[in-house]
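Everything below concerns the one structure shown next.
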């Protein structure tokens, strides 16, 4: 029984550490090369965009750990759907170009913070957000290449 408690605690601590990086309550806009127009849009929509972080964190981490973290931190239990709705509000209010820049910033901010497997899953989830929000296909430009989200 003691071993189970130790393993459960260790797993929760690992999940808490990983989720912390995915759920930063703000965006580090200083390290990214975002246009001033998009920087303004991201700052204006930041409270809703943070919900995108939470949605992705809940999706890539085991929901049980995320729920436990929410309760420990006094946030109550909020559903993935609630975070997705808030995220969609922000993405629909922003110009496509700025959504693309924000998504790139999200990926850049997580590099080196989380493991490669979680990073790949997070990127996949991030690319699926526009579709989940009912936003038509977007053209994004990165490193001289065009790609569709």
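Note that Cβ sites are derived from N, Cα and C of the backbone, with glycine treated the same way.
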Annotated stretch (region 'No IgE-binding', per Swiss-Prot) among the listed ranges 25-33, 97-105: 97-105
In Swiss-Prot, which of 12-23, 84-95 is labelled region 'No IgE-binding'? 84-95
What range among 2-11, 132-141 does Swiss-Prot describe as region 'IgE-binding'? 132-141
Taking Cα atoms as reference points, which of the disulfide-bonded residues 38, 87, 88, 98, 133 is nearest to residue 140 (disulfide bond)? 98
Summed over the region 'No IgE-binding' (41-53), the DSSP helix, strand and coil counts are 13 helix, 0 strand, 0 coil
Per-residue Cβ crowding (10 Å cut-off), top of disulfide-bonded residues 52, 98, 133: 52
